[in-house]
Amino acid sequence: MANFLLPRGTSSFRRFTRESLAAIEKRMAEKQARGSTTLQESREGLPEEEAPRPQLDLQASKKLPDLYGNPPQELIGEPLEDLDPFYSTQKTFIVLNKGKTIFRFSATNALYVLSPFHPIRRAAVKILVHSLFNMLIMCTILTNCVFMAQHDPPPWTKYVEYTFTAIYTFESLVKILARGFCLHAFTFLRDPWNWLDFSVIIMAYTTEFVDLGNVSALRTFRVLRALKTISVISGLKTIVGALIQSVKKLADVMVLTVFCLSVFALIGLQLFMGNLRHKCVRNFTALNGTNGSVEADGLVWESLDLYLSDPENYLLKNGTSDVLLCGNSSDAGTCPEGYRCLKAGENPDHGYTSFDSFAWAFLALFRLMTQDCWERLYQQTLRSAGKIYMIFFMLVIFLGSFYLVNLILAVVAMAYEEQNQATIAETEEKEKRFQEAMEMLKKEHEALTIRGVDTVSRSSLEMSPLAPVNSHERRSKRRKRMSSGTEECGEDRLPKSDSEDGPRAMNHLSLTRGLSRTSMKPRSSRGSIFTFRRRDLGSEADFADDENSTAGESESHHTSLLVPWPLRRTSAQGQPSPGTSAPGHALHGKKNSTVDCNGVVSLLGAGDPEATSPGSHLLRPVMLEHPPDTTTPSEEPGGPQMLTSQAPCVDGFEEPGARQRALSAVSVLTSALEELEESRHKCPPCWNRLAQRYLIWECCPLWMSIKQGVKLVVMDPFTDLTITMCIVLNTLFMALEHYNMTSEFEEMLQVGNLVFTGIFTAEMTFKIIALDPYYYFQQGWNIFDSIIVILSLMELGLSRMSNLSVLRSFRLLRVFKLAKSWPTLNTLIKIIGNSVGALGNLTLVLAIIVFIFAVVGMQLFGKNYSELRDSDSGLLPRWHMMDFFHAFLIIFRILCGEWIETMWDCMEVSGQSLCLLVFLLVMVIGNLVVLNLFLALLLSSFSADNLTAPDEDREMNNLQLALARIQRGLRFVKRTTWDFCCGLLRQRPQKPAALAAQGQLPSCIATPYSPPPPETEKVPPTRKETRFEEGEQPGQGTPGDPEPVCVPIAVAESDTDDQEEDEENSLGTEEESSKQQESQPVSGGPEAPPDSRTWSQVSATASSEAEASASQADWRQQWKAEPQAPGCGETPEDSCSEGSTADMTNTAELLEQIPDLGQDVKDPEDCFTEGCVRRCPCCAVDTTQAPGKVWWRLRKTCYHIVEHSWFETFIIFMILLSSGALAFEDIYLEERKTIKVLLEYADKMFTYVFVLEMLLKWVAYGFKKYFTNAWCWLDFLIVDVSLVSLVANTLGFAEMGPIKSLRTLRALRPLRALSRFEGMRVVVNALVGAIPSIMNVLLVCLIFWLIFSIMGVNLFAGKFGRCINQTEGDLPLNYTIVNNKSQCESLNLTGELYWTKVKVNFDNVGAGYLALLQVATFKGWMDIMYAAVDSRGYEEQPQWEYNLYMYIYFVIFIIFGSFFTLNLFIGVIIDNFNQQKKKLGGQDIFMTEEQKKYYNAMKKLGSKKPQKPIPRPLNKYQGFIFDIVTKQAFDVTIMFLICLNMVTMMVETDDQSPEKINILAKINLLFVAIFTGECIVKLAALRHYYFTNSWNIFDFVVVILSIVGTVLSDIIQKYFFSPTLFRVIRLARIGRILRLIRGAKGIRTLLFALMMSLPALFNIGLLLFLVMFIYSIFGMANFAYVKWEAGIDDMFNFQTFANSMLCLFQITTSAGWDGLLSPILNTGPPYCDPTLPNSNGSRGDCGSPAVGILFFTTYIIISFLIVVNMYIAIILENFSVATEESTEPLSEDDFDMFYEIWEKFDPEATQFIEYSVLSDFADALSEPLRIAKPNQISLINMDLPMVSGDRIHCMDILFAFTKRVLGESGEMDALKIQMEEKFMAANPSKISYEPITTTLRRKHEEVSAMVIQRAFRRHLLQRSLKHASFLFRQQAGSGLSEEDAPEREGLIAYVMSENFSRPLGPPSSSSISSTSFPPSYDSVTRATSDNLQVRGSDYSHSEDLADFPPSPDRDRESIV
């Protein structure tokens, strides 16, 4: 025991001596002896004690907890005894360094020689633990990295290299000497990071001393030294751990990906083999056939092969160096005149893009999956094979690319989430141990109190573990820290400590349980640390403050030591002024999640005392609320109360080490609290005093009054509004800069800049005066403002000297000041900030990876790139690896997802295998894993709640107050004017506001149901007045604000309520709502009850509330916290709302009523609104009179027509027809006269039909209903467009410009289909709900991008021009020939030179946005970057890589502008999805986790039913075959053969030898024969049942097709496609095998996720198709005649509908949109010809840039950013659901297995089995349902109901077994009823049965019968014995008479008298009457039947089985 109870302070450290070693060996021997006895005990089944575990806070490389105090100086670096009890029986010792880091060593001999006491080993240990040693190694690594990054190192670096090797060798030697080599724990090679060091050193020596030929390859391994940084920095180790974990998790996804890619690659191989070599070759004439020479254009080639392989004979694609591909099918690319399509030369892209063999096809598919440059492959393939193969690409892109790549994201995100959960679990574990420790110490304390020991005077560790070091020590430590400047003075900064388990863990424990911060007061009561007090919600005590503690620490402590720092009273020095809020408080109970540097999310500050975050219950068991009756007289009432127990128990300490472990747990938290307390004093006291003396200016009264005046102005909301407007204006001014500005304009901008700089400087100055510098600089925003102002002033000063555009760009940061008043931007910056914080370590890891790969690339490939130098100019290609910067750029480009083109270059210079390896490694590790981890982090720190209801701060409210004031002013003016006008006409009614002011209204809380005030009746526009105006705060009126403001109880969140409003108001519930309105009286008076308003009015009010700003979130929160507001309960209907969304009534009930009402009322509504009728009384029609009656009848008829389902079907048909007609209006329409005429007539017809439909609906529904429905509005507008164009055509204005552009709007017709298709409507609803959030993010994106755009304009405006010689193509001239624009124009004598600009440039902010969009989507970004990098100056000729480091601008933009902001779209959409789900799927929210489990199990259970198995044939041979076919092994064999067949197909290549073709054909025949055999055998065995299985039908079809294909292969191949495709389809059968393999669970989960996603994905696909359709119609109307260049050519263009669809499908993934936009940006010569005549009568092949840019950017935002991200959101969502399902205890497969086994026991599918076979059945099941034998007792205990014939129903068994797996739960019974109903519905055939008994009751009956029998036998025996004894005595002559006989009549007497010679009593037979026999069973039952019946029924209804516990011995008897 003594070993474990370590005293406090220095005495806890003992030197490690030989005695210590001997003690350890002794303990080891004892443990071994104990081990043999425990083994014996475990064999006997006795419980084992829990194995000890190492302590988390005493792990190696952690910091020693403060509990142990500071080790004395002489023990630093010396071997000490291990503090962790876990190692007490292991040979280890620890060493501490100055930083108190723990190093653990093995106490065995190192290298067999050096004992722990050997001087050499001691010296090595001292060196190893020294912090300088670590720093030396770190510096060496970094220096080494710098040297490695040199691309052409000078010769002397060789010696530096030797130095590095020497240092690394020294490091390893020290480690080996100190630790030992590898035999024991904690030795050198036991740490995996040391393997890295070891291999690096071995490599270094190998390359030096052994000549291995290619040394550079081996030398590249030196780069792994960079990884050593990871082993040195502990934080990096954890993140690498997470990465490795996620890679492990990726195994399943990888397998699935490889499988899918293989299947697609096989399909590609079969479809496109050899196609990509088809080229347009110049026509030739074959000369004499003998030698095969050919002639073309007067030149002769010796053979056809030579001719075909000569690149000169191929046609090049327009304006590029690519060869034009073609194909021989009808819809493939064609060749122009003079060329023919032949298979010649190599494949495109240096021969690397092809489907000629499986490997190349696989690479092509991988490229397609990662979507790198896939549009090129798509265009090449479609051109050579045909447009129909777009379907193949759609499949691969949607299934392969979107699904698989996002699965990787989902898996990585889940791995990250799991790691987070693990951290939280670890923290909870600590918390548990902490509580144990507290309990234990409390017990000890109680025991000592009882014994009368003076606990107060003791200061040992036992009494005061929470105050480890005495106050002097701590004070000096703090002073030391302050003097060294390590204490941070930042605002609101959480302390970081070296110990990861210390304060960082504190972040996870949500200790900050906010009690009302306003009422925090210090308590003076002191007591021991274990005194417990009654906690009242209004009080919080402080930490013990060392400085003020008079009696020293030993005397006592403050009671609330565990209350964390953010909730403590701020010390006097740091008391915030009334003007500023104290930092660090958790406001409004919002949980703020912070992310620490490891990316671990921690929850800080929960205002809710019942916070649900892990660790929130930390203090509950410790700070007990003591019952009042335990207060002893000695204690003052209300003071702290002692927790005493009647029987003090210290048994917690009996177990060795338990107390030590407990104390260690306490230490984890206390050391954290210690540091938190210290960090509260942010600055040293002297600094504080200095600051308060000189930075708070309160000198004289005059100054104070000036200050007050300034403060009044500066703090006024209007000032804030003015400043915000200035920021916006300033931003606008900066955005107005552009290329070619006039001097006046430039001057205006400069003056503007001066003015704004002045305004902001003044603002800062006045704020400093008003607030004093001390308080001014305590707010983050103020610091930010001041920095920007200072930079602006610096820029003004320096701009005179030089043109520093760098400083100008700092002005752009002013844009961020908007974040103060724009919550979304603020939140977004916080998210990025959080992520950057979290990503700190991850970024480092990524940087290391990038560095390593860049150096590897440079070392391996650098030298080879010199071969690629341009022969003329001697320039390298843009992308090379000759130096580190370029190598870095290539790696960065790969991380952006572009790897294939740089890899082709690499393969050209360095060979294929190495390049493939390196590039694919970077791609997989960097892009797919690390970047996805980034994204996972981003998504985890993202929550839509932030974006929709952001945190409020004072400034923002100020802005809204200002706006509210302006509104109030306007309202006042308006009201005054109105009153004045009305006053002249009539008396005005009293205003409600006035009433409220006089106190006449019951409450100031106006509910959304309160009737509109009378004013609104007069003036509809001012109806807004009834609701709370934007920006107003209840009770927060500005000074001098006379009237209180009425507010709704809860204001709905904008994004959700808009959604609801949309659904209620516009998406199809209109008919019902109208019917409901019909049945309710319409009343607008103030006395109308709330419910009297119609539904549309309700929704109108809801929509108006939805507009109310988010500023009310604060108040809502307050409302939530207050128990009841006065006056709230006075109106029964308007109860106080708890949440932020106020439900007016129960919406569910409302919705339920609607259909019923709809059935009663089939009448139309009123035509006009009440307002219309009031103004125009003629609108009101009297339906009782004659004309009105007819009108009413007509309306009813129309109503019935419109409501009829056939009408709707007809309209849908017409919509589809009219949309289809639009697709024919292409470029060839003029040539097809008949079609044109037909379309014109059709167009008129459609217009008439739609106009008629509209008129019918007007008459039927009335204007009011028609025009309150969004979908009807859409129809109305589209019909209007058709009508206008029809009228214009009739009047002959068809050719007018505006009419033409209006005609293009007909493309919107398909939108009408949206409201008609349910699936699409769901998706659109979700989208409409997401629009507010999406717009928010889009706006923030634009702000972010604005900064980069303005910076781009500053850097590149006017620099993207170049002088080009037309005759030499588009290459710019050398700058030595032409230097600038003016020279170019002066040299342009022939008209061949001209000055041109890159089309997408930075000449103004708008153009900059387009350029940035291209960079962000990585399309077209190369040209922009090249132009930027080559730019020299304003209007100067570019020079190759003149401005090389401009690449950095793009790198930074890609990281922040593309990576963060574009991925936020995914975040928003995912979150929105979750919100929609919460709103729609009610059950999930109201179910506990436990209930969900049951619910899911039941859902699966109910959908199944027992099926009849296929009967085994009676024929002997058939039966034998049947047995073989139904075995699992047979299936597996067939699968194996299928895979083998695939392998043989993979072997095929293009141009294979005849022998190979022959062999493969034979193998194929063999497989066809085998599969045909399988089919025949199965048919024979299964007979007609064969066709009951869908897989069998599938197989049958494939076999038939294979046979047909083999027989007719030549014909099919000639006219259709390769029949081998059928065999590829057979791969689908692999899906079957996954069910059989239990191990493939992960892959099953992934496929299950896909299956779950399919319905939703289909809907999204439909929506996407609709968008594509509309855009392709627009494209045909606007871009049909643009010039063919860049991405537009003869196949990919907007001339026909099909071609437009090809283009738009390509852009859906944003691929190649720059190429399509490029020709549209042409505006005139020399790029295009505006005079060129077109077929439709128009002229020119120029584009319209504005329309083009709008067209492409909107399409990309809609498809690429929104719709495709919805796809991703659904996959992520379903993946998490599927994973949850797979981790549930019971899966679908378990139920399948149950029924499969059931079939064997119930072959007739009766749904019953006999009770006798139940035991066998339970044993035959697989886990987890299986109950292994012996299982009788368990089965009996289940109390299964039985029917007559002792049969049990399958549902009952399955339910009982499920219950056993999931455990007992209260919800089971309700679910059981639900399940039975479901089962009955699914199986109507289920025999209705009445159970007559249950298994348990049957057992009870059997046991009862046996007990009764035994008792009766015993009773008979006793009586017989008595009688026998009587007879014996009588015979012995004891003089006993007959009367004394115990049995004178009855059975015993009779039998006895029979057996004995002498009869007893008279031999008369009458004595043996029937009654003398024991009563028969029947008679008893009859007599007591009632009684029994009651008990029986009671029993049968008994819920609790525990009422009838079967005793164990009874059971044993029964078994016997």
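Placement of Cβ uses the backbone N, Cα and C atoms for every residue, glycine included.
Keep in mind it's a predicted model, so treat the numbers as computed, not measured.
Listed in Swiss-Prot for this protein:
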- 1033-1044: compositional bias 'Low complexity' (COMPBIAS)
- 1096-1113: compositional bias 'Low complexity' (COMPBIAS)
- 1959-1979: compositional bias 'Low complexity' (COMPBIAS)
- Cys280-Cys335: disulfide bond (DISULFID)
- Cys906-Cys915: disulfide bond (DISULFID)
- 1901-1930: domain 'IQ' (DOMAIN)
- 113-420: repeat 'I' (REPEAT)
- 699-969: repeat 'II' (REPEAT)
- 1187-1501: repeat 'III' (REPEAT)
- 1510-1807: repeat 'IV' (REPEAT)
- 1-129: topological domain 'Cytoplasmic' (TOPO_DOM)
- 180-188: topological domain 'Cytoplasmic' (TOPO_DOM)
- 414-719: topological domain 'Cytoplasmic' (TOPO_DOM)
- 770-775: topological domain 'Cytoplasmic' (TOPO_DOM)
- 822-838: topological domain 'Cytoplasmic' (TOPO_DOM)
- 942-1203: topological domain 'Cytoplasmic' (TOPO_DOM)
- 1260-1268: topological domain 'Cytoplasmic' (TOPO_DOM)
- 1318-1330: topological domain 'Cytoplasmic' (TOPO_DOM)
- 1471-1528: topological domain 'Cytoplasmic' (TOPO_DOM)
- 1581-1589: topological domain 'Cytoplasmic' (TOPO_DOM)
- 1641-1650: topological domain 'Cytoplasmic' (TOPO_DOM)
- 1772-2016: topological domain 'Cytoplasmic' (TOPO_DOM)
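Structural mapping of features recorded in Swiss-Prot.
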residue	record	Cβ neighbours (10 Å)
Cys280	disulfide bond	23
Cys335	disulfide bond	20
Cys906	disulfide bond	27
Cys915	disulfide bond	22
Collapsed DSSP category at Cys915 (disulfide bond): helix
Helix, strand and coil counts within the domain 'IQ' (1901-1930) (DSSP): 30 helix, 0 strand, 0 coil
Contact yes or no, the repeat 'IV' (1510-1807) and the repeat 'II' (699-969), 3+ Cβ pairs under 8 Å, gap 6+: no
Secondary structure composition of the topological domain 'Cytoplasmic' (1-129) [DSSP: H/G/I, E/B, coil]: 55 helix, 17 strand, 57 coil
PLDDT averaged over every residue in the repeat 'I' (113-420): 88
The topological domain 'Cytoplasmic' (1260-1268), counted residue by residue under DSSP: helix, strand, coil: 7 helix, 0 strand, 2 coil
Euclidean distance between Cα atoms of Cys906 (disulfide bond) and Cys335 (disulfide bond), Å: 32
Cys906 (disulfide bond) versus Cys280 (disulfide bond) - Cα distance in angstrom: 28
For the topological domain 'Cytoplasmic' (1641-1650), residues assigned helix / strand / coil by DSSP: 10 helix, 0 strand, 0 coil
Secondary structure tally of the topological domain 'Cytoplasmic' (1318-1330) (DSSP, helix then strand then coil): 13 helix, 0 strand, 0 coil
